[in-house]
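Comments concern the structure below.
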Amino acid sequence: MTLESIMACCLSEEAKEARRINDEIERQLRRDKRDARRELKLLLLGTGESGKSTFIKQMRIIHGSGYSDEDKRGFTKLVYQNIFTAMQAMVRAMDTLKIPYKYEHNKAHAQLVREVDVEKVSAFENPYVDAIKSLWNDPGIQECYDRRREYQLSDSTKYYLNDLDRVADPSYLPTQQDVLRVRVPTTGIIEYPFDLQSVIFRMVDVGGQRSERRKWIHCFENVTSIMFLVALSEYDQVLVESDNENRMEESKALFRTIITYPWFQNSSVILFLNKKDLLEEKIMYSHLVDYFPEYDGPQRDAQAAREFILKMFVDLNPDSDKIIYSHFTCATDTENIRFVFAAVKDTILQLNLKEYNLV
């Protein structure tokens, strides 16, 4: 055997080994890609109180195990605390807005409620139940409630205060709707994974308040879809953190930032224009043109208002090739979210298959 033939033989052995290693690497990459395809990361973004946490609760109801009686019982204290927080906010606003109580005895009731340390509330009993009922029935407090855009008040206030007898019952167990309406500011990051058609959807909810946003940064890797929530009803409200800044302007600024982040170049963007039910109520007495002078549509027209708001957000997209998928939602309405998320899921799966060249 000549030296050349021995070398050729060795080379072919080396080449074979190199090819084998290369094939193994290719196979592993394909496996990794396939496994990554099985888990889709959905990042829920939006300013504070846009409805992100409610959306996650709906995923648990629609695609998870829901809320057992034991789970619901865990929300009882939070419902009580929400009621006290709301009434305290209105009592304080009565002073700020200089609205008098119609009934003299409600001044004492207001003082009683004002002195409660909400963090320590774990029951809902008299004299507090009667005090809060009496206050809620006072025309002064009702006027204060009607002027709620001038201070910070939870969207669920009316829902709970109109149902005090049920909540004050000693055998009270929160309903699914009570659970959906409870307001607890999200601090930190909440993940909710659920399985659909053998794909894991990992939904990530990050705090919306400004102080929470700096914690988002490490969530940004491998995001399949950005789901951005906007509260339609916030067009006439100011921020919790800054009372001279319009909430919708803040939401627009955040959306603009998010869609231009290089991290999200390959992520699909789904825009949820949420709280459509509250917009329908509010548009009857609070005119969009007073806050967005460029609006030239009809007054008291929820359809025209929401189309205008949608266009404001879509126009922030600088990339004409990037489609923004949009849906009008009411996050506290399970059937609405079931319907909307079915469409969103199909969109995400289709886009994901396209990315992996499977369609």
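Cβ coordinates are placed from backbone N, Cα and C, and glycine is handled just like the others.
Database features (Swiss-Prot):
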- C9: S-palmitoyl cysteine (LIPID)
- C10: S-palmitoyl cysteine (LIPID)
- 38-359: domain 'G-alpha' (DOMAIN)
- 41-54: region 'G1 motif' (REGION)
- S50, G51, K52, S53, T54, S156, L180, R181, R183, N274, K275, D277, A331: GTP binding site (BINDING)
- S53, T186: Mg(2+) binding site (BINDING)
- 270-277: region 'G4 motif' (REGION)
Secondary-structure category, per DSSP, in which A331 (GTP binding site) falls: coil
Candidate with sparsest Cβ neighbourhood (10 Å radius) among S50, S53, T54, T186, the listed binding-site residues: T186
All-chain count of other Cβ atoms within 10 Å of L180 (GTP binding site): 24
Around the Cβ of R183 (GTP binding site), the count of other Cβ atoms that are within 10 Å: 17
Distance in Å spanning the most remote Cα pair of S50, G51, K52, S53, T54, S156, L180, R181, R183, N274, K275, D277, A331, given for GTP: 18
The region 'G1 motif' (41-54): DSSP-derived helix, strand, coil residue counts: 3 helix, 5 strand, 6 coil
S53 (Mg(2+) binding site): nearby binding-site residues from L180, R183, K275, Cα cut-off 10 Å: L180, R183
Residues in the region 'G4 motif' (270-277) grouped by DSSP into helix, strand and remaining coil: 2 helix, 5 strand, 1 coil
Mean per-residue pLDDT computed across the region 'G4 motif' (270-277): 97
